[in-house]
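Annotated features in TrEMBL:
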| type | residues | note |
| --- | --- | --- |
| TRANSMEM | 70-88 | transmembrane segment |
| TRANSMEM | 100-123 | transmembrane segment |
| ACT_SITE | Asp142 | active site |
| TRANSMEM | 169-187 | transmembrane segment |
| ACT_SITE | Asp174 | active site |
| REGION | 198-247 | region 'Disordered' |
| COMPBIAS | 198-210 | compositional bias 'Basic and acidic residues' |
| COMPBIAS | 213-237 | compositional bias 'Polar residues' |
Amino acid sequence: MNQSRNPAPFLLLSLLLIIIDQASKLLVHYYMEPGFSGQISLIGNWMKLHYVLNPGMAFGMQLGHEYGKLFLTLFRLIAMFAIGWYLVHLARSGATKGLLWALTLILAGAVGNVIDSTFYGVLLNNAPYGSPTPWFHGQVIDMIFVDFWEGFIPDWVPVWGGQYYSTPIFNIADSCIFIGVCSILIFQGSFQSAGSHSEQEDYNKHKDEILQDESQQITAADDQINPSPISTPAIENQSDENKKESL
């Protein structure tokens, strides 16, 4: 069995990323104008800060139903607790560090966007017009704009066919989720092989300990069945003394 890991470092990193994500969103909200008027170029026209509100999923995708946002927020809440529990469970089970770091990123991203969806409708008053309640209807603040493609999506594409599309604007939480998921998909084989190698080492070590214990038990049993003989010189000396006494 793999050696148990302390989940605290992974949870602390997740907390740090959540703080960074929330700080960046609040700075953008209070110090930037929404839309193109407040856009700030970081690397030419390729990478920009562009303040937008996202009422839907990651990278600007949306759900059209009236209660779609509520369902999405509730799903995020459930997923957040499930990922957190799974991360702690894997750490205590001795999972590979690579897998744990990837789940740490996913957890941080999930919590970061859940905070927006759950509380920003009340705290920042940014719930979409007509929302049944500001709770659980807050809009996620996005600001990272990597502008490398825009145009119309072909009509044959389901759902979004025929619509105008530009590169999604995202935030740090989205980036954490994206990097974490991609890491698991790309390095899944490495995570599994590293875990198998560690398990094999643990198995070999445990097997050697068992064999050593069995060897010691066998040796002890032999000593009880065949005790060491009394030395011959001692017997001869005792016999000579008995003869002298009889004479």
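Backbone N, Cα and C define each Cβ position, glycine as well.
Any TrEMBL annotation is an automated prediction that lacks curation.
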DSSP-derived class (H/G/I helix, E/B strand, else coil) of Asp142 (active site): strand
At the Cα level, what's the spacing in Å between Asp142 (active site) and Asp174 (active site), rounded? 9
Inside 10 Å of the Cβ of Asp174 (active site), count up the other Cβ atoms and send me the figure. 23
Going by DSSP, is Asp174 (active site) part of a helix, a strand, or coil? helix
